[in-house]
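Structure first, then comments.
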C-alpha cells in the first residue's frame, strides 16, 4: 500500500501548534477570524495557517517529498475578541523560506492570496503583520525618506503644506499649471495631481508635466523656496509609468506620484527603485484602500497596507486626518503613522499594534493628512501629526473667497502661527482657536478663510475601532 492515508484532512492536527516558539525570522500575522457556526476556533485558525502556506484540502502524495515541518505556517495562539460573540484573533507564524526576497507582491499572494474565500470562515481580516529584519533587509524601501527629503527641500522644524489641484478632471494643462503656480507662489510647499489625473483626452500627461514644471520654477524664483508638484506617473503599463517618471527627471522636478494599490505593488516597487536611482521623491496615494480596509470583520487593516508600502517604497503616503473624528480612531491612526515614521514600534494593543516592529534603519515615510481639512483644523493637525507630516488642503486652499494665492497664504500663516505657538510652549489642543484668531488679525487672507469655514464639520461615528 501507499505510505499515506488518503482523505480530507483535519487541519488542527497539523497546523494548530500552541507550544510553538516563534522564531526571529518568522513573519507573524494576526488575523481576525469569524468562523462559520459550529467550526471550532482552533480548526478555523489552523485552516487559515494551512491555506495561506503549504496546505491543500486533501492529502497528496507529493507531501512526502518535502519537509512539512520546515515549510508549514503554524497557528500558535488564539484569543477571543472582547465584545464579539464568535470572533477570534488567530496568530500565525510563517517560516521565512516561504517568501521571495524583496517582493511585497509575493508576500501578499502567500498570506492573503487564497484564504479569504475559504468556506469554513464567515469572514477574515488581516489585522497586523510582523516583518522580521531578515526579510526587511531584502527591500530597498522608501527612495529617500524623511531626513533626505528635508535636506533636498531645505525645510525644517514644521510640517509641509500641500494642495490637490481641483477640479480634478476637465482643466486644460495651461489652466492647471496656472493653479499650481498660484498655490506655490502663495506659500505652499507642494501641489498635487489628483489620483485619477493620469493622461486623459482633455489633458495629456506630457502637456501637464511641462506646464507644472514651468509653474514650479516660476514660483521658486519668486519665493526663494524650493517647490514641488506631485506629477502622477500612474499609467496603464509599467513601461508607460517609467516613461513618465523619466520625463519628470528630465524636467528636473523634485517629486513624482503613484497610486500604489490600483497600480499594484510590482509597479510601485519598480518606480521606487527608479526614484532612488534618479533622485526623485515619491508621493504615494492610497486610492482603493477603503475597498480593502474599511470593513471591520473582513479584508486587510490599513496598518498592514502601510507597512507593505514602507517595504515597497514611497516617501509620502496618505494616512487619514483624524481631525473631527473620535478618540479611538485617533489612537489607531497614530499607531500606523508611527509605524511609517519610526525605526521601532512597540506592541500596543490600545493602538491596534499587535507586534513589536523593527525597521532596521529602513527610511521612514511622511504621513499625509488630506481630505476635508481647513485652517481651523491647523492647531489640531500640528499637534497630532507633529513636524514630520504633509498637511494637504485642496478645497481648503482653492475654496478661498479671494482666489488661490490668498488661500495658500491663509494656510501658510495658520501653520506658521501654530508652529510658533507650540514652540513657545502653548497648548494647541486647548488654545487652538485662539491662536488662529490672533494670527488672523495680522493676515486678512487668514481672516477671510476663518470666516468661510467656521461652521464646516464632517462628524460621523468612527468606523475604525478596535
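Backbone N, Cα and C define each Cβ position, glycine as well.
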Look at the substrate binding annotation in Swiss-Prot, where 114, 164, 168, 286, 370 are given, and name the residue from 77, 229, 318 listed for that site too.
318
In Å, rounded, how far does the Cα of residue 285 (active site, proton acceptor) sit from the Cα of residue 318 (substrate binding site)?
6
Beyond the site residues 192, 194, 195: chain residues whose C-beta lies within 8 Å of the centroid, for Mg(2+):
164, 165, 168, 193, 196, 197, 230, 232, 257, 285
Taking only C-alpha atoms and a 10 A limit, tell me which of 114, 164, 286, 318, 370 are near residue 192 (Mg(2+) binding site). These are the binding-site residues.
164
Taking every protein chain shown into account, which of the binding-site residues 168, 192, 286 has the largest tally of Cβ atoms within 10 Å of its Cβ?
192
How many whole Å apart are the CA atoms of residue 370 (substrate binding site) and residue 194 (Mg(2+) binding site)?
11
Determine the most Cβ-crowded residue among the active-site residues 166, 285, using a 10 Å radius around each Cβ and all protein chains in the structure.
285
Near the Cβ of residue 114 (substrate binding site), how many other Cβ atoms are there if near means within 10 Å?
12
Would you mind reading off the Cα separation of residue 168 (substrate binding site) from residue 194 (Mg(2+) binding site), to the nearest angstrom?
6
